[in-house]
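One structure is given here, and the rest of the page talks about it.
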Amino acid sequence: MLHVKTVLATIADLQNVGYDTIVLQPTHIAMGEEFLDLGTYVDSLMRLGSVKKEKYKPFHKVALGRPALGTYGLDHPYAEDITAAAEALAADAELAAKENAALVYMGHGNEHFPSGGAYLELADRMRQLYPEVVTLIGNVEGFPALEDVIDKLKMRGVKKVMLKPCMVVAGDHALNDMAGTDPEEPSWQMILEKEGFEVVTVKKGLGELDAFADIFVNHAADAAADAEIVLK
């Protein structure tokens, strides 16, 4: 069975071999509960002290980078991050245009956190940058749902759809929820085809686009600079 260490376990390993300054860069698309949890981890780690000298604290600095679509705050306006993400997805818009299809992304979303607004803003920004392509984003969980996307596709008279995960990797959601063939659990592709749309699927994560991967590199660099950490 494949086992991946938790964030805290990995940080502990780094501290155990002598690292007391760490930049933690998540690969989340939008700010949600998992990102906020990471923030509480970082805050807690920075509060760890020592009854001896300051130099004996387990951590000197731990900085947290922001998700692809940004977060709250004045130092790095989230609208600029959304624009950068939309620009990084130019290749997807170009491919959809060649297919003469609308571009529909499947995001993860969250039923317990209002992260849908970031996805809606991203789709809106892409429609501004690439007006020749109808771009919409729906989420597996929460708003906007696939039903909301279908309504908008029909309103725009769309006949063909290019479906792609709005996720860093094309994993279980992409292979099963987006493009699966199990009639017991209809995928987005099956539902869209039943609604009369021609569907082309792209089973590649956004992380396979160098321009999008660069967003996380840049956000890590920003986090380091904000914390006055020199990356080596």
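The backbone N, Cα and C atoms fix where each Cβ goes, and this holds for glycine too.
When TrEMBL records HIS108, GLU141 as binding Co(2+), the matching candidate from HIS76, HIS173 it lists for that site is HIS173.
Summary: among the recorded positions (HIS108, GLU141, HIS173), the fewest other C-beta atoms within 10 A of the C-beta are counted at GLU141. HIS108 (active site, proton acceptor) is 8 Å away from HIS173 (Co(2+) binding site) when you measure Cα to Cα.
When the Cα atoms are compared, GLU141 (Co(2+) binding site) and HIS108 (active site, proton acceptor) turn out to be 6 Å apart.
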